[in-house]
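Chemist: Here it is, the structure in full.
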Amino acid sequence: MRIESMNAIQAIAIAILQGATELFPVSSLGHAVVLPALLGWSLPQHSQTFLPFLVFLHLGTAAALLLYFWRDWWALFSGVIGFAPAHHVPQARRIFMLLVVATLPAIVVGGLLEHMLRALFESAPIAAFFLVVNGGLLLFGEKLRGAASPYPQTSDHEVTERRALSTLTVMDAFTIGCWQCAALIPGISRSGATIVGGLLRGIDHEASAHFSFLIALPIILGATVLEVPKLLHADIAPGVFQTAALAAVAAGITAWLSTAFLMRYFRDHDSWALKPFAFYCIIAGLGALAWLHFA
């Protein structure tokens, strides 16, 4: 099936869905697989061009993350090349190293398991099941976050102080990177898994989300570099790239708005921030499984 079977309305809808769910801890890939199946859309999910099309949308998401965190990336870039003030260089290089450490596990594991995961990508019931698992993972992170903190707790088990992003160690980054590998399974959220990894290392929601969104950029760009060439050489009808470009813009705008909302949300609701997303994933996943089974 050729990619032209996805009409413009479907492409824009998938783009908006991608832009929001890539950052929200609810699994963008899981939604991209499950929702079309629920709506009865005949999308080319079994085509070699479907995943590259989704990654093309990731390019819009990556642009949104780069624009939103441009100060962070400029500080890192200028520090790494020694262009920043001397007292900023060591910290910039240290954080850059942490980003590299956190990114490597997903690159290695993804490279080893790519073909098996491709089969999982095509199955809406499996993605719906792991959406439920994702909800449980988020609840697990919230439940155990206090036990992982080196700081004292109050009588109601709320942590009185949390670690900031600047305190991350190499082991913190590696642990978060290992958690990111779980998101290679459709239905498991990359941002959710990495935020949980940060919480279990005693980092607060806002700092965990900040680091999660920073390491998202190289992962998304890496996936784009690997997949988009396949799209360029696929059997694609005229006009598809115009539709894909429009969809990428829609995904980018949605991703920027989602990032702005989430950074404020995680800052203002540190004691229970993941719970609403957890309940949503469990209910949505169970509902999708029931619909796919009985419909």
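Numbers run from 1 along the shown chain.
Positions of Cβ are set from backbone N, Cα and C atoms, glycine also.
Marked as transmembrane segment by Swiss-Prot on the basis of sequence analysis: 12-34, 50-70, 95-115, 120-140, 209-229, 243-263, 272-292.
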Chemist: Between the transmembrane segment (120-140) and the transmembrane segment (12-34), are there three or more CB pairs that fall under 8 A, provided the residues in each pair are separated by 6 or more in sequence?
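Modeler: Contact between the transmembrane segment (120-140) and the transmembrane segment (12-34): present, because at least 3 Cβ pairs are under 8 Å.
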Chemist: Under 8 angstroms, Cβ to Cβ: which one of 95-115, 120-140, 243-263 has the largest number of such pairs with the transmembrane segment (272-292)?
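Modeler: Highest pair count goes to 120-140.
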